[in-house]
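J.: This is the structure I have questions about; it appears just below.
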Amino acid sequence: MSRAQALPDPAAVGYPSFKLILVGDGGTGKTTFVKRHITGEFEKRYEPTIGVEVRPLDFHTSRGKVRFCCWDTAGQEKFGGLRDGYYIHGHCAIIMFDVTSRLTYKNVPTWHKDICRVCDNIPIVLCGNKVDMKNRQVKAKMVTFHRKKNLQYYEISAKSNYNFEKPFLYLARKLTGDMNLRFVEELALLPADVTIDLIAQQKIETEIAAAAAMPLPDEDEDGLMD
């Protein structure tokens, strides 16, 4: 087992540590997302044999500290698929797409298939990033893949810190088996680089909730038709 795969023994360090797989097309904001967590930026390390950066992100919860060892592709997805070593021993995953690029959403099923091929039945969160941008192309009604595969979905904006904590809170609850778990300390995040129109975003969130009550599209459409 490589140094990156050897997570701390919970009994020895006193807190649980989980390998978090972060995937998605290049340019969707994965690295920007994990770098918002200040402590993770200071402690990152590079694993050249697999081509990833591993960032330990700590969260203080009502059950004590929880650490996600976040595996970032470091751009390797631009050269084709990721090696199985990236996925092996993964406890959970985040699939990210860019709401201003339909292609990145269209490729979500491929990323999901890669995860499921190596990891058996782990909790997965789908994140639509860059909701602070005005030129949104993936409309609320188009986002249906998570419903087909029973994934959790969040709209996020890495640059504005919008909903940053939600994917981690959901995964921490699933992995600890405590759906009442909560964060007890404010997250140490970098200051927001941009602002987000919260009124407009709330309208979109309402549309997403309404779309969840609608019948799913045919398998080959996957919500990408207008």
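Just so it is clear, glycine is given a Cβ too, placed from its N, Cα and C backbone atoms.
Remember, predicted model here, so these are calculated numbers, not experimental data.
Marked as domain 'Small GTPase Ran-type' by Swiss-Prot: 14-178. The GTP binding site annotation in Swiss-Prot covers 25-32, G75, 129-132, 157-159 and rests on similarity to another entry. The region 'Switch-I' annotation in Swiss-Prot covers 44-52 and rests on sequence analysis. Taken from Swiss-Prot, the feature region 'Switch-II' applies to 75-91.
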J.: On average, what pLDDT score does this prediction assign to the domain 'Small GTPase Ran-type' (14-178)?
T.: 90
J.: If you count Cβ atoms within 10 Å of the Cβ of A158 (GTP binding site), leaving out that atom itself, what do you get?
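T.: Looking across every protein chain shown, the total is 27.
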J.: Other Cβ atoms within 10 Å is the metric here; tell me which of the binding-site residues D25, T31, K130 scores highest.
T.: K130
J.: For D132 (GTP binding site), what is the tally of other C-beta atoms lying within 10 angstroms of its C-beta?
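T.: I count 22 other Cβ atoms within 10 Å of it.
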J.: Using a 10 angstroms cut-off on Cβ to Cβ distances, just flag whichever of G27, G29 is the loneliest among these binding-site residues.
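T.: Least crowded of the binding-site residues G27, G29, by Cβ count within 10 Å, is G27.
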